[in-house]
Amino acid sequence: MIRTDWSMEEARIIHALPFPDLMHRAQDIHRHYFDPTVIETASLLSIKTGGCPEDCGYCSQSAHHDTGVKATKLMDVDDVLKAARRAKTSGAQRFCMGAAWRSPKNRDMDKLCAMVKGVREMGLETCMTLGMLSPEQVAQLKAAGLDFYNHNIDTSPEYYREIATTRTMEDRLETVEHVRKGGIKVCCGGILGMGEKLEDRISMLVTLATLPAHPDSVPINLWNEIDKTPVQQRAQPVDPFALVRTIALARILMPQSVVRLSAGRTGMSEELQALCFLAGANSIFVGDVLLTTGNPAAWQDQSMIDRLGMRFAPANMAQCTEAAE
Ligand code: SAM
Ligand code: DTB
Ligand code: SF4
């Protein structure tokens, strides 16, 4: 049964189960809704890097922190399509385009829609993450054929104001609502390792699991350390078992959502990643860069998946939205 009425107390109790019991429960649910041997793949491209007006304390691309990331203009459509073709050749299912914006300018919308259309015509699922969207912008991207929109809540409502001051959790949830109501699939998750308490991790997942509908995909990022950001002062390493517990809780609270083991895999052993898959993670980013930081090489991921006797999902255009058909 898909529930959207989880309480903090229920989530705390599940999270605190003995590890074997937590894993058993997560696996039972995972196997009911998914083939546990299959991992989805998404490839990321930063289509507009750096110089962002927001002050998110974890991010290399905020103009508020001197991280050394150079600001660029929005890429040309042709260059984005070339990168998408490379991602398709290397086996990615979904192509996710990210921009370091508070929100897109209306003058950029035609170019963004052309990117969506072109990528989709290649047979890739499309995803964008561009900051806040108005309902009109959602409608334009939907008409161009956008399948998914990524907009993370990043942390708990309680910890959010320690992490960013130029936007609020309510702003984030408002865009998520516009995206859902506009018929684009929602990708919404957060980051661990920014100095949050265990209670914040649980609260972040309960916030997602009590939305009117669960996000279609839930990325769980480990904070990728960025020098000279405010989060560097407060960051705490995440106990590997705590990461696995967070993934298991996400799987149990949101049984039908795809849970993506996102940033931070370069610092994880293959054994830890395998535990995350056993706990219910069933998607990763592939390719050796995320937006501005590294990711394991394609051959390493292929070798890991082969040795686990698992497989990457084939491109599945049946999951795409109807708009571009
Ligand atoms: N500007 C848009 C926004 O904020 O929604 C899109 C790009 S932003 C980089 C997308 C997401 O990447 C953030 O919401 C955050 O969850 C994640 N992220 C950014 N920097 C990160 C880091 N250093 N480590 C892990 N995740 C990070
Ligand atoms: C998400 O949750 N993780 C991706 C994607 N959504 C856009 C981004 C990870 C960014 C990691 C830091 C960087 O490469 O700059
Ligand atoms: Fe800008 Fe997004 Fe980075 Fe925040 S997370 S500074 S909005 S690019």
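Cβ from N, Cα, C; glycine included.
According to TrEMBL, the protein carries these features:
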BINDING   C52, C56, C59  [4Fe-4S] cluster binding site
BINDING   C96, C127, C187, R260  [2Fe-2S] cluster binding site
DOMAIN    37-265  domain 'Radical SAM core'
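A simple Cβ count within 10 Å picks out one of the binding-site residues C52, C96, C127, C187 as the most packed, and that one is C187. C52 ([4Fe-4S] cluster binding site) sits 19 Å from C96 ([2Fe-2S] cluster binding site), taking the Cα positions as reference.
If you measure from the Cα atom of R260 ([2Fe-2S] cluster binding site) to that of C56 ([4Fe-4S] cluster binding site), you get 21 Å. Comparing C187 ([2Fe-2S] cluster binding site) with C59 ([4Fe-4S] cluster binding site), their Cα atoms are 19 Å apart once rounded. Cα spacing between C59 ([4Fe-4S] cluster binding site) and C96 ([2Fe-2S] cluster binding site): 18 Å, rounded to the nearest whole number. The binding-site residues C56, C59 differ in how many other CB atoms lie within 10 Å of their CB, and the one with the most is C59. DSSP classifies C96 ([2Fe-2S] cluster binding site) as strand under the three-state reduction. Within 8 Å of the centroid defined by the CB atoms of C96, C127, C187, R260, the record's [2Fe-2S] cluster site, lie the Cβ atoms of A42, R94, T129, F148, N150, S217, P219, excluding the listed residues themselves. Taking a Cβ distance under 6 Å to any atom of ligand 3 as the criterion, the binding-site residues C52, C56, C59, C96, C187 reduce to C52, C56, C59. Cα-Cα distance from C96 ([2Fe-2S] cluster binding site) to C56 ([4Fe-4S] cluster binding site): 20 Å (rounded to the nearest whole number).
Under 6 Å, Cβ to nearest atom of ligand 2: this is the test, and of the binding-site residues C52, C59, C127, C187, R260 it is passed by none.
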